[in-house]
Amino acid sequence: MPVEIPVDSVGLVTPQTVTFSAPLELECGRWLPGYTLAYETYGTLNAQRSNAILLCHALSGDHHAAGYHSMDDRKPGWWEHLLGPRKAMDTERFFFVCANFIGSCKGSTGPASTNPETGAPWGLDFPMVTVRDWVKTQAELADYLGIEQWAAVVGGSLGGMQVMQWSMDYPERLRHAVVIAAAPKLTAQNIAFNEVCRQAIMTDPDFYNGRYYAHNTKPRRGLSLARMIGHITYLSDNAMRTKFGRDTRGGKAFSFGFDVDFEVESYLRYQGSSFVERFDANSYLYITKALDYFDPASAWGGNLAEAFASTRANFLVISFSSDWRFSPERSREIVQALYTCNRDVSYAEIEAEHGHDSFLMPIPQYVAVLGTYLGRVAEEVGA
């Protein structure tokens with residue numbers, strides 16, 4: 001827990017929820033009979049309502065992007081390094097909104113929520129959701145908050161995919177799009193990683209075909225293993241070498257058994273076991289499927305420039321040199337498509353050794369690029 005709240009933090013924040021009672025038509029063809037979104041806000045909305053920025057979270061993220069819920073919190077929100085007063089995403093100039101998307105498990109409607117038709121958790125009866133569905137619900141949240149146009153929509157990883165979808169589906173409702181460490185679609189390798197993670201969960205004896213809630217258990221081994229696999233893809237080889245090397249746990253000699261010998265093994269097991277306590281296995285299945293399905297160019301014969309043709313926003317695209325999950329090459333595909341359809345786009349490839357997780361880190365060049373760009377946005381909208 002923090003001894004005291006840092007002066008550059010947004011401080012104590014209170015999560016909010018809103019429930020939409022109207023049925024929601026989903027891209028899969030099914031309907032959700034109303035839904036709840038959990039969200040948080042940071043900063044102050046100006047009188048012109050022109051300084052609002054939407055933050056889109058990644059796979060295991062949520063609406064808690066910065067600050068603390070109480071003085072007992074061990075850690076602040078996931079983008080604490082970049083979001084706050086006088087930070088790259090400056091809460092003294094902008095009003096930030098971050099919502100937990102449907103299908104997740106942090107307060108928004110998802111597989112662990114109650115199905116109104118049965119009175120039991122949805123489980124795998126929950127309809128399949130997509131990035132487009134998430135953006136649709138975020139647009140409804142914007143209407144609820146009285147925000148006609150975002151000064152910017154910003155997101156990293158899966159959040160960056162939501163930013164792209166926003167620019168295509170609601171081109172008149174955002175002025176700027178900031179796409180960080182993302183890709184226009186998953187490669188076969190990325191889909192393969194997601195499938196291995198899903199199989200780890202679904203083959204766990206405690207999965208019970210997604211109805212583990214009724215058995216008062218959860219597929220701990222499967223979800224833990226899925227997180228361990230995923231976490232490896234978020235880090236670069238250099239980051240793992242620097243952090244762990246071949247160090248043994250506590251500097252001890254080999255056990256000559258199958259318990260933990262290396263520090264990296266201990267780290268992965270901890271990441272897996274701690275994830276089980278804060279995330280729902282069914283949500284992991286749904287979110288990774290949404291990742292796999294994202295491919296906005298498919299409706300245009302694979303032509304990404306055509307998919308972006310309706311966009312009006314100015315773009316900032318950022319990639320990281322050591323990110324092999326969503327490599328700089330994938331970001332350059334986005335940039336090239338935007339150039340092809342004559343959109344205003346800035347691109348920065350940041351030297352960083354943290355791998356895909358670099359988008360969460362306070363890397364000086366990254367902070368400077370993002371802060372400078374949003375500073376110009378602030379001047380443009382009078383923030």
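Just so you know, glycine gets a Cβ as well, placed from its N, Cα and C.
The shown structure was predicted, so the numbers you read here are calculated from the model rather than taken from an experiment.
Annotated features in TrEMBL:
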- SER157: active site, nucleophile (ACT_SITE)
- ASP323: active site (ACT_SITE)
- HIS356: active site (ACT_SITE)
- ARG227, ASP357: substrate binding site (BINDING)
- 51-359: domain 'AB hydrolase-1' (DOMAIN)
- ARG325: site 'Important for acyl-CoA specificity' (SITE)
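Positions of TrEMBL features highlighted on the structure.
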| residue | record | CB count, 10 Å |
| --- | --- | --- |
| SER157 | active site, nucleophile | 26 |
| ARG227 | substrate binding site | 23 |
| ASP323 | active site | 28 |
| ARG325 | site 'Important for acyl-CoA specificity' | 23 |
| HIS356 | active site | 24 |
| ASP357 | substrate binding site | 22 |
SER157 (active site, nucleophile) versus HIS356 (active site) - Cα distance in angstrom: 8
Integer Å distance between the CA atoms belonging to SER157 (active site, nucleophile) and ARG227 (substrate binding site): 16
Three-state secondary structure, HIS356 (active site) (per DSSP): helix
DSSP three-state assignment (helix, strand or coil) for ARG227 (substrate binding site): helix
The domain 'AB hydrolase-1' (51-359) [mean pLDDT, rounded to integer]: 97
